[in-house]
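S.K.: Got a structure for you, written out below as structure tokens; questions coming shortly.
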Amino acid sequence: MTTQETIGLFDKYVIGNYGRLPRVMVKGEGAYLYDADGHKILDMFPGWAVSGIGHCHPKVVEAVRKQVGELIHIDNTFYSEPQGKLAQLLSERAFGGKCFFCNSGAEANEAALKLARLCTAKEKYKFITAEGSFHGRTFATVTATAQPKYHEGFLPLLPGFAYIPFNDVKALEAAFTDEVAAVMVEPIQGEGGINVATQEFLSAIRELCDAKGAVMILDEVQTGVGRTGKWFGYQHFDVEPDIITMAKALGGGVAIGAMMAKPEIAATLVPGKHASTFGGNCLACAAAVATIEAIEEDNLLQAAAEIGQYTQDKLRSLKDKHSIIDHVRGIGMMIGIQLTRPGAGIVAACLEKGLRINCTHDTVIRFMPPMTVTREQIDAAVDIFDSVLSES
């Protein structure tokens, strides 16, 4: 089937809710994608940060093949070894919490919001989130997402949500009424432009939640599972949340989401209060277990920290050469390049030269390479980016 024939199927049969590029991808390997026309693309934004250990990591492929031959899915009426093992691995790498499994980051955040209501006093029904956040596209999570462009067409939204500027402690204090059940923020805003939380802001959330009987939720959907050089983004700060959510890189490319809560909070989520038919299925959990094992066996946390810093240094070296670059920010392999003008054209030009990157908030280029990326691949990516900037 040709590229145009495949695109024709989408035009005829698939709802057009995505702005797609005219490429048909047929293979992925490590940091590379291959399209139906034979082009090889260096992918510095793999699967919107899903393929955190690269495309089709051999350990994940092996685990999925093995699990497919044994048991793909069993409902949560029963126990399964992959789900139990995954929960243990995650708990031991975070704060000793208990896990609920689902299929995506939005579902994980939805579960976190419901749990926050369950575990706090009945009069607590409000949530505080930060401007520039992104928490998902369900009705609750799109309401939690404090970006008006995602609200268009869906008003009125759910009541009970207050939005504050990110990292603004005074605004947090002013919004924190007795009715607040939880504060939910990202340690590093991803879709919002790679904005890193301050220690002061996260500490203030923790202190106010403790004082007011509310819970602290950290959305680790993008920051979690090693991308920042630690298992979770919160581990870069002197703070411990009550609930974290994760997805994206967790399954090594296979769809899975998870919410982890401190045991005393998790205890309020009793049978019948929340569920997910496909959540914690054997196939997805086996892939996630393999992903965690690959990160440890290949020392990918260290790689994310060291090669992430190498990437940031390489990108910062372009600032004096290109006035369009204002600054570079981020932690580990979660990197944002702040431009002085819109970057969509730069992203398109890079793709034509064999480099896949992303632009968010009009002027922030996102480099979020897989943790398996090599210095040589980073050099090649930065060289292409440099050449495109020189021509723009």
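Heads up, the Cβ atoms here are built off N, Cα and C, so glycines get one too.
Unlike curated entries, TrEMBL annotations are predicted automatically.
For reference, TrEMBL lists these features for the protein:
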type: BINDING; residues: G105, A106, F134, D219, E220, V221, Q222, T277; note: pyridoxal 5'-phosphate binding site
type: BINDING; residues: R137, S276; note: N(2)-acetyl-L-ornithine binding site
type: MOD_RES; residues: K248; note: N6-(pyridoxal phosphate)lysine
S.K.: Around the C-beta of K248 (N6-(pyridoxal phosphate)lysine), how many further C-beta atoms are within 10 angstroms, looking at every protein chain?
M.R.: 26
S.K.: Roughly how wide, in whole Å, is the group G105, A106, F134, D219, E220, V221, Q222, T277 that binds pyridoxal 5'-phosphate, by largest Cα to Cα distance?
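M.R.: It comes out at 25 Å between the most distant Cα atoms.
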S.K.: Tell me the coarse DSSP state (helix, strand, coil) of T277 (pyridoxal 5'-phosphate binding site).
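M.R.: It is coil.
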S.K.: Just to verify a number: CA distance, G105 (pyridoxal 5'-phosphate binding site) to S276 (N(2)-acetyl-L-ornithine binding site), in angstrom, no decimals.
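M.R.: About 13 Å separates the two Cα atoms.
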S.K.: Compile a sequence-ordered list of residues in the same chain as F134 (pyridoxal 5'-phosphate binding site), six or more apart from it, whose Cβ lies below 8 A from its Cβ; state 'none' when nothing qualifies.
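M.R.: For F134 (pyridoxal 5'-phosphate binding site), the qualifying residues are T145, Q147, Y150, E186, Q189, G190, E191, G192.
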S.K.: Between R137 (N(2)-acetyl-L-ornithine binding site) and A106 (pyridoxal 5'-phosphate binding site), how far is it from one CA atom to the other, in Å?
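M.R.: Cα to Cα, R137 (N(2)-acetyl-L-ornithine binding site) and A106 (pyridoxal 5'-phosphate binding site) are separated by 6 Å.
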S.K.: For each of the binding-site residues (A106, V221), count the other CB atoms lying within 10 A of its CB, then report the residue with the highest count.
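M.R.: When each Cβ's neighbours within 10 Å are tallied, V221 leads.
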S.K.: What's the CA to CA span in angstrom from S276 (N(2)-acetyl-L-ornithine binding site) over to D219 (pyridoxal 5'-phosphate binding site)?
M.R.: 19
S.K.: Measuring C-alpha to C-alpha, could you say which of the binding-site residues D219, V221, T277 are within 10 Å of the residue listed as 'N6-(pyridoxal phosphate)lysine'?
M.R.: V221
S.K.: Let me know the DSSP-derived helix, strand or coil state of D219 (pyridoxal 5'-phosphate binding site), please.
M.R.: strand
S.K.: Identify which of the binding-site residues Q222, S276, T277 has its Cβ surrounded by the largest number of other Cβ atoms within 10 Å, counting every protein chain shown.
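M.R.: Within the set of binding-site residues, the most crowded position is Q222.
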S.K.: Only counting partners 6 or more residues apart, tell me which same-chain residues put their Cβ under 8 Å from the Cβ of E220 (pyridoxal 5'-phosphate binding site).
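M.R.: Once residues fewer than 6 apart are set aside, E220 (pyridoxal 5'-phosphate binding site) is near E186, P187, F232, G233, Y234, I244, T245, M246.
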S.K.: When DSSP is mapped onto helix/strand/coil, what comes out for A106 (pyridoxal 5'-phosphate binding site)?
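M.R.: Assignment for A106 (pyridoxal 5'-phosphate binding site) reads helix.
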